[in-house]
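So the structure is just underneath, and the comments pick up after that.
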Amino acid sequence: MKYIIVALIGALAAILANKGVAVFNDGLRPIMPEYLEGRMDKKALVATSFALSFGLVIGFGIPVSIAASIILIHSILLGTDIIGIWSPEGKIGMIISGIIGALYGLGLVIGLKFIVDAFKMLPVDFLPQLGQVGTPIVASFATFPALVVAYQYGVKNGIFTLAASFIVRQIVQYYGIFKIGTAKVSLNPEGMALLTGMIIMIIYAVREKADINEHQTVNLVSLFSDRVKKIKLNIPYLAIMGGLIAAGTSMSLIAGDPISLNLLSKGKNVEAALTALARGIGFIPLVATTAIATGVYGPAGMTFVFVAGLLIKNPFIAFIVGAIIITLEVMLLDVIAKFLDKFPGMKKCGDNIRTAMSKILEIALLIGGMMAANAMAPGVGFFIVVGLYVLNKLSKKPIVDMAVGPVGAIFVGILINMLYLIGLYLPTAVK
């Protein structure tokens, strides 16, 4: 069944990109109208989509997927953006994009399993240590609301948010286990710390009201009413896409971000859903405003479909709920735009959430990569990952910073196997 789901996701996502209905890359979405309205040719669009997406697939999506044996959705949907845009226009192009998209999705699942199985067959099996890449993510991610508050309302308010989150975390750590009837309930300390930080962050944001003296000359919804109408006409296709993504997530086949991916790999679905919810809140302003302005949506919408998939174990029910979520998102685009105008703090908050998440992920994955590499080869692991990180900073074509840790850990794992064959490395247990 998982092969069918991922093939359908790949096929439909590629078709949606081919028809200009939805693309996953946030940087590509504003460019799509230039092509759709005749101001950019096909070759330029293909080159742009490749430049924006290919590096992220190879340098970020696939390494993170290998580390947890769950496919990061970026690996699929960034690739299908390229496939859909590369395919010709018309019915033939739609068929071509669908077939190649399905094969690409299947290739990722089969290829990921092949790579993981191949690593297990190496003389030195480093997969158990590779799992440490995600260890710092869970604890460190709970700090992101404090960073958002610090960005938006100053360091003092950020420190207050961090302190409140810390206090709640410690209380839950020692007093967060209780019984309801015969059932034993155990609260997750990091999850409750994150929830506390998010509540404080939202309180700060909604207190910031729009300036009544500021003359608003632009109304997004009325200005781009035709483009909003275009998105709403494609609700059936977007709903199916959302349903498929939710179903795939419920089967632990895919995840929407590295944080929830690592939590999902450990069976912590509720905590993963909470992080996915936080990420979704951060993406509301970006997805809503770019969708209204361009008439092009995202295949995963505002990413709340991942929350449904993480909380619902049955893929068929998850499919229905995911489809409903995407439908509601599109139908409420006008309402969301008006809400963001009324509470500008929430709009700024969305931008800062994405920045804060990226910063924390970059640090957490670097530390995780160093921990994993050092567990494989004490001392040498730190040496190589830090070396790769600083050299990547100076590279003319660097990979994204948050990918350096996972890539470095995989590189160390392969390197120690090569060194083992020539007698320059012995596993710790053998020494």
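Indices start at 1 and increase along the chain as displayed.
Cβ from N, Cα, C; glycine included.
Bear in mind that TrEMBL entries carry predicted annotations, made automatically and left uncurated.
Per TrEMBL, the stretch carrying the note transmembrane segment among 4-24, 235-255, 319-339 is 235-255. In this chain, the transmembrane segment (69-86) lies close to the transmembrane segment (235-255): three or more C-beta pairs between them fall below 8 angstroms, excluding pairs fewer than 6 positions apart. A Cβ distance under 8 Å defines the sequence-distant neighbours of the transmembrane segment (190-206), meaning residues of its chain 6+ beyond its ends; these are 138-139, 141-146, 148-149, 152-153, 157, 160-162, 164-166, 168-169, 172, 176, 270-271, 274-275, 278, 281, 343, 345-346, 348-349. The transmembrane segment (133-153) makes no contact with the transmembrane segment (43-62), as judged by fewer than three Cβ pairs under 8 Å among residues 6 or more apart in sequence.
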